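Annotated in Swiss-Prot:
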ACT_SITE  Ser44  active site, charge relay system
ACT_SITE  His83  active site, charge relay system
ACT_SITE  Asp109  active site, charge relay system
REGION    153-164  region 'C-terminal short (CTS) helix'
TOPO_DOM  1-6  topological domain 'Cytoplasmic'
TOPO_DOM  25-167  topological domain 'Lumenal'
TRANSMEM  7-24  transmembrane segment
Amino acid sequence: MNIRQQLTKFLGLFLTLASAFMFWKGLSVVTNSHSPIVVVLSGSMEPAFQRGDILFLWNRERFNKVGDVIVYEVDAKSIPIVHRVVREHRDKNGRQLLLTKGDNNAADDIALYGRKQSYLRRDKDIVGTVKGYLPKLGYVTILVSENQYAKFALMGMLALSSLLGSE
């Protein structure tokens, strides 16, 4: 294989990755969420959502209501949490404050929030409201993130397919 063919393959791979990145960023802008698609990682929302379900988020509402399923992140943790709003009210500045709980959990989420935080702030902590889902399709990402052998096998297969693939 000459240098021109190698450059063509590299450019094709680069364009594919750049297109995926632009699609993700475009989706982030449309949904107003830095993470418009998330995978359920635990069973805390069963039976509504199972581990491995892919959730589609929308963050253009000004307020959430009791019963909405939201995804939030707090300062202390970088993993998005999917739970239902069980209580809401406004602070003295008019900002919406939310209390959440997993459908399959006995207690609310106050213990998951940051230090000295009793409620989530709608304008600060919420990633988005769940608007749709695909069941079980997220298991691939769970497998890759939890199993280093699966991660290396997937990376190896992708590398081999890009090197050996023909036009």
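Cβ from N, Cα, C; glycine included.
Here the CA atom of His83 (active site, charge relay system) lies 8 Å from the CA atom of Ser44 (active site, charge relay system). Other Cβ atoms within 10 Å of the Cβ of Ser44 (active site, charge relay system), summed over all protein chains shown, number 19. Looking at His83 (active site, charge relay system) and Asp109 (active site, charge relay system), their Cα atoms lie 9 Å from each other.
The average pLDDT computed over the topological domain 'Lumenal' (25-167) stands at 92.
DSSP assigns His83 (active site, charge relay system) to a strand in the three-state reduction. According to its DSSP assignment, Asp109 (active site, charge relay system) is coil. Close to Asp109 (active site, charge relay system) in the fold, though at least 6 residues off in sequence, lie Ile81, His83, Leu99, Thr100, Lys101, Gly102, each with a CB less than 8 Å from its CB.
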